[in-house]
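Participant: Submitted below is the structure of interest, expressed as structure tokens.
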Amino acid sequence: MGLWDSLLNWLRSLFFKQEMELSLVGLQNAGKTSLVNAIATGGYSEDMIPTVGFNMRKVTKGNVTIKIWDLGGQRRFRTMWERYCRGVSAIVYVIDAADRDSVPISRSELNDLLTKPSLNGIPLLILGNKIDKSEALSKQALVDQLGLESVTDREVCCYMISCKDSINIDAVIDWLIKHSRTAT
């Protein structure tokens with residue numbers, strides 16, 4: 001980014017606040033709450049308590065305020081996903097890339113979510129988490145196994161991350177900032 005772009009971004013940040021609302025979904029133990037903590041504080045804890053229902057957290061990065069709905073991934077909470085995904089700036093779907101047995105279930109739940117008419121066109125960010133583990137899938141394997149090439153009704157992006165080792169968390173934040181909107 002050149003000096004002119006930096007100056008322009010600084011001027012924008014003085015006059016325009018950006019905001020976004022996103023829903024963080026995925027199966028239990030995928031690392032959704034760990035991702036919220038990594039984005040908010042850069043911190044990581046091995047002793048994470050499973051989310052019951054949902055948690056909401058606001059995080060400010062630069063001039064962007066991100067309202068994050070962290071939704072429980074247990075089967076009994078998955079019916080809530082659609083309700084909390086309506087009208088958001090983006091849907092972030094987190095997958096444990098090292099738990100290969102859970103990928104078919106993740107694919108099924110993701111496909112079910114994407115068929116909801118109320119969610120048409122909302123950008124989708126897929127995050128393959130836990131790439132610090134040797135058994136983690138590659139990005140291409142995850143894209144293939146989730147069938148992401150067939151999703152054509154919305155923007156789809158996929159990053160492989162590690163909340164534990166802070167791998168690609170900055171890229172996720174950059175993607176989120178680019179998908180925020182000016183507050184009116």
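Cβ atoms are placed via backbone N, Cα and C, with glycine included.
The structure displayed is predicted, hence computed values, not measured ones.
For 1-18, the entry in Swiss-Prot reads intramembrane segment. Annotation source Swiss-Prot lists GTP binding site at 29-34, 48-51, 70-74, 129-132.
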Participant: Around K32 (GTP binding site), which residues of its chain at least 6 apart sit with Cβ under 8 Å of its Cβ?
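Facilitator: L24, V25, G26, T51, D70, L71, G73, V94 - these are the non-local Cβ neighbours of K32 (GTP binding site), listed in sequence order.
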Participant: What is the number of other Cβ atoms found within 10 Å of the Cβ of N129 (GTP binding site)?
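Facilitator: Excluding its own Cβ, the number within 10 Å is 29.
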